[in-house]
Amino acid sequence: MSEIGTGFPFDPHYVEVLGERMHYVDVGPRDGTPVLFLHGNPTSSYLWRNIIPHVAPSHRCIAPDLIGMGKSDKPDLDYFFDDHVRYLDAFIEALGLEEVVLVIHDWGSALGFHWAKRNPERVKGIACMEFIRPIPTWDEWPEFARETFQAFRTADVGRELIIDQNAFIEGVLPKCVVRPLTEVEMDHYREPFLKPVDREPLWRFPNEIPIAGEPANIVALVEAYMNWLHQSPVPKLLFWGTPGVLIPPAEAARLAESLPNCKTVDIGPGLHYLQEDNPDLIGSEIARWLPGLA
């Protein structure tokens, strides 16, 4: 495997969305269907830095920073999932994206799947990895992270850990990559959240993960898009790693059998942030898959 690059060689782009500025990467040719890359918690478009160069020679690549994250503005919001839905919906409309191919991860997957379910005629394909799905019981949450995430979802304790101690950036992120992240990479991920006041999204997201039936509104929403995925013929490309976190190998095998029109790719060793362990394979497989989309 080639050395994993730490640089972010993309010019900044900004668009006003609901009165706030959202930052995004925008590279590649303007003709054809754009590829929309959606990150999750606690990352940004930086997560896609080594994947986009594989796709940009043939397709327009757009990678926003979710509101309150990366280089996007940080308005005073509760940062519920519905807040991110509003801003992402408006972002897609502001850029005039009629049809897209989605490349999605973590909470970006929930946002992407939810958008696709509501706009199926505008989705040409979905590439996904380590995505948000219903977790029926805490026993099915990875053991190494169980106590940590239970603490995150305990009112005052969770806020102290994530807001005051920055535990999602300093703890969860590096522990969910097989290789050691460099200080340069860690500093890129730290930069948007140097001030505790800016860490609200990092705290809200783990409290919205649909585990053991809570929170009920997110469980219902995620179950709805999972039902849609199991019925939709849209081409799907699922990346998985070993041991994985949200999508362990056994779950990937089940999904390969149950999802229509789904190709799977084993990236080898990987935890949650697969893009940091094998970006070249992910990027090259997306680039190989795209020409086959109708």
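Cβ atoms are placed via backbone N, Cα and C, with glycine included.
Bear in mind that the values here come from a model prediction, so they are computed numbers and not experimental data.
Per Swiss-Prot, the features are:
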DOMAIN    34-158  domain 'AB hydrolase-1'
BINDING   Asn41, Trp107  iodide binding site
ACT_SITE  Asp106  active site, nucleophile
ACT_SITE  Glu130  active site, proton donor
ACT_SITE  His272  active site, proton acceptor
DSSP state at Glu130 (active site, proton donor), helix/strand/coil: strand
Of Asn41, Asp106, His272, i.e. the recorded positions, those within 10 Å of Glu130 (active site, proton donor) when Cα atoms are compared: Asp106, His272
Cα proximity to His272 (active site, proton acceptor), best match among recorded positions Asn41, Asp106, Trp107: Asp106
Neighbouring C-beta atoms (10 Å sphere around the C-beta of His272 (active site, proton acceptor)): 25
Sequence-distant neighbours of Asn41 (iodide binding site) in its chain (C-beta under 8 A, six or more apart): Asp106, Trp107, Phe168, Pro201, Leu202, Phe205, Pro206
Residue distribution over DSSP helix, strand and coil in the domain 'AB hydrolase-1' (34-158): 55 helix, 24 strand, 46 coil
Other CB atoms within 10 A, centred on the residue listed as 'active site, nucleophile': 26
